[in-house]
Structures are given as C-alpha cells and as structure tokens.
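Taken from TrEMBL as is:
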REPEAT    178-212  repeat 'PPR'
REPEAT    213-247  repeat 'PPR'
REPEAT    248-282  repeat 'PPR'
REPEAT    283-317  repeat 'PPR'
REPEAT    318-352  repeat 'PPR'
REPEAT    353-387  repeat 'PPR'
REPEAT    388-422  repeat 'PPR'
REPEAT    423-457  repeat 'PPR'
C-alpha cells in the first residue's frame, strides 16, 4: 500500500491490524522518542508528510488541535508521537500555538505520565506565550494550564519540578496565584510526609499575600495530627479565625478523630459539641468517627449515651446508621442496652437500617427474648421494612416452638399485607406449629392455602401433611 493511501486511512483507525499499515520507520519508533533528534530521517520525513497531507499550509491552532484529537490521539502508534508533532508545528513559520494546544498537550503528557517532556513543554510556553497575552494582560488560561502540570508533579512526588513550574507560572500571570494552586503543593508535601516543606510553603504564600482558605488549613491540621502534634493542630485551627476563615465539618472531624485516637476523649467529644454551638450540623461521618473512636477505647456504653444525647438535642443526623454499635452491643451480650438504644433513637425519628434491625432480632433470639424480637419485627413491618426470609422464618419458628403459632400466623399476615411473600418454609413452620398445639382447623386452612399457591407439588406431600394432622389429632386426644 502506498504511503499516501495510508495517510488517507488514518482518520478512524478502529481495526486491530491498523498498526501494521504504518511504514516500518514509524512503526518501530519507541514511545520515548518524541523529539526530532531521536527520530530517524526516514521517520521524520514520513511524519512530516503526514502533517502536510492532513493540514493546509496556513493551518491554525484550531486546525492543529483538531488534527491531534481526531487523527492522532486514538492511533496506537501516532499518539506516542504527539509531542514530536507539537514541536514540528512550532517550527512552522506561519504557525503559532495558543492556549488550546498548550492545554491539550499539557493534559496529555500529564495523564500519560510523560513528565520528562512536561518540563520542556512548560519552558516552551514560558518562552512563547499564548497570542492572547500579546496585550496588557496575560492569557487567562495560563494558570489553569500550569495548575494541571503542578498537580501531576505533586502526585508523582516531583516537588522540585512542581516548584519550578509554580515559579514560572508566577512570572507569567498578572497578580497573585490562586490559592488552589498553593493548596495542591501543600497537599503534595503532606501526602509525601514532607511536612516541614508544607509549612515553609504555607508561610511563603502568606508572605506573598495569598489568602489561605479552609482547604489550606484542613490540610495543615491533618499534617500536624499525623505527626502527633495535636497542640499545634489545635493552634492552627484557632489561627483560621485570624485569617478570616471559618472551619468546616472536615476541620472538626479531623481533630475529633485524632483526639480520640490519642485517648483525649473529653476533648474529642467537646469538639463535637463546639461544632453545634458554631452552627454546624453534625454529619453522619462525625458520628461514625465518635462511635468508632469510643468503641476502640472500650467505651461502648458512652457511645450509646452520646448518640442518645445528640438525638434528644435534635442534632443526630437521620442518615447515620448505628448498625456497628448495635452489633457490638449484641456481640458483647448486652442485648438489653442495644434494644434500649434502638427504641430511643427510633422514637426520636432516627430509624434503624434493615441490617440493624436484623442484627438486633438475632441477638434477642439468641437470648430467648422472643417477645422483644416480635415487637421489633412488628414495628419493622408496620414501617414497610421487609426482613429477609431467613430471619423472618427463624422468628416464626421460635414462636411456634413456644406454643404461639397463632401470633406467628398473625405476623405472617402482617408481612403479606406489607409485601413480604411467605415461602414453603414459612408455611411448613406454621403448619407444624398448629399441629403441635392440636389446632386442626388452622393447620388445614394453611395446607389448603399452600395447595392454592402451588407450594404442594404432589399428592404425596399433601397426604404427608394431612396424615401429620391426623396423627397430631390422635396424640392430643389421648387421655
């Protein structure tokens, strides 16, 4: 196939064998070869022909961006050479890159982790500003472009490159850098455990009159906490006010978590109440942090009391799932306290989740508290919380074994009315329960209902149930 025919076939390379259509010189190019010096003369010539074929002589930045997106980006070989093509375009006298091609190239190099070329690209941008910066003001896209590059450097732990990019950006833009760019660098330092450098950069940004925001302070508070410097974390928390910055839920949650981990229980709980006093709503995450922290310290009952207190004050979020606390109480054998907790919170409008109710019912069953388990199941069904069939049938079985088949059947009817369809096991449990109590009429009615619903597959099963009733009748008629 001729090279010109190959060029025309490039636009939509969807076939798996498209790579084989490339000329050998281009096909053997390594992905790291993105500069003119690394390409063979033959490969350079072929790529130059590629651009000449698909771009008019006086192509614009818009034309070139379309070429990169639609004809290069999705090709398995050519996409690796996008930076070479970018540099080639820059060498054309009549062409000038603008912020659209700068941004696309920066994002492409960053997302494909070709950071070794990113520095070269940023230097090029610095030396060849966007055409819209020819006036008094700089290009408004300069900062977002550099922010993306700085973020990529920080994620990779290349902080010298990040700071170099930051300084380059400072020279290009008008005025102070946005705080979001500074936050990226501070977060990167904290993440890679260079907390001293994070503080140093923070003081630098304040000195440059860049106003820190809540994200800045939250990042530094977290850094202090991770370095076991809770006192300084609290000091940084207070420093927020001097900068006119109000803490948010994340600020409080971070301090609460680390106070509890450090065994400073009262300080952690006090911080939660301070949240409410400052007008912040306690979130479900806050409650999870408090409950988990207290339980880790063996203070399960204190966690219960705290939730009840929050509930009575109307600050406990309705989205909080207290399953973990109920599970822990039941696991420790304190089912009575778990029952009290569920009743108290439910009464105050904080409904338990389905798994919370199921866990509590299982705990009550294990301790033979059938009445309480029945009460929870009944309330669940009344609020259209449908349990799984295993939990439901196990409770019915317990009730039948206790000689309470009538109540068990009443529960079945309530469940049926709420959309909980009984299965064969449900009916067998109830039929057996009525048999043991000698209630022929009730058991026969259930057998007939089973027959109507198709739960009795054959005459043998039907006879077994009927004969079982007859035997039960003779048993209960003995003197």
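Just so it is clear, glycine is given a Cβ too, placed from its N, Cα and C backbone atoms.
Residues 321-323, 326-327, 329-330, 333, 335, 338-339, 342, 346, 394-395, 398-399, 402, 404, 407, 411, 414-415, 418-420 of the same chain lie 6 or more positions beyond the ends of the repeat 'PPR' (353-387) yet place their CB under 8 Å from a CB of it. Long-range neighbours of the repeat 'PPR' (178-212) within the same chain, counting only residues 6 or more positions beyond its ends whose Cβ lies under 8 Å from a Cβ of the stretch, are 143, 146-147, 150-151, 153-155, 157, 159, 162-163, 166, 169, 219-220, 222-224, 226-227, 243-245. Mean pLDDT for the repeat 'PPR' (353-387) in this predicted model: 97.
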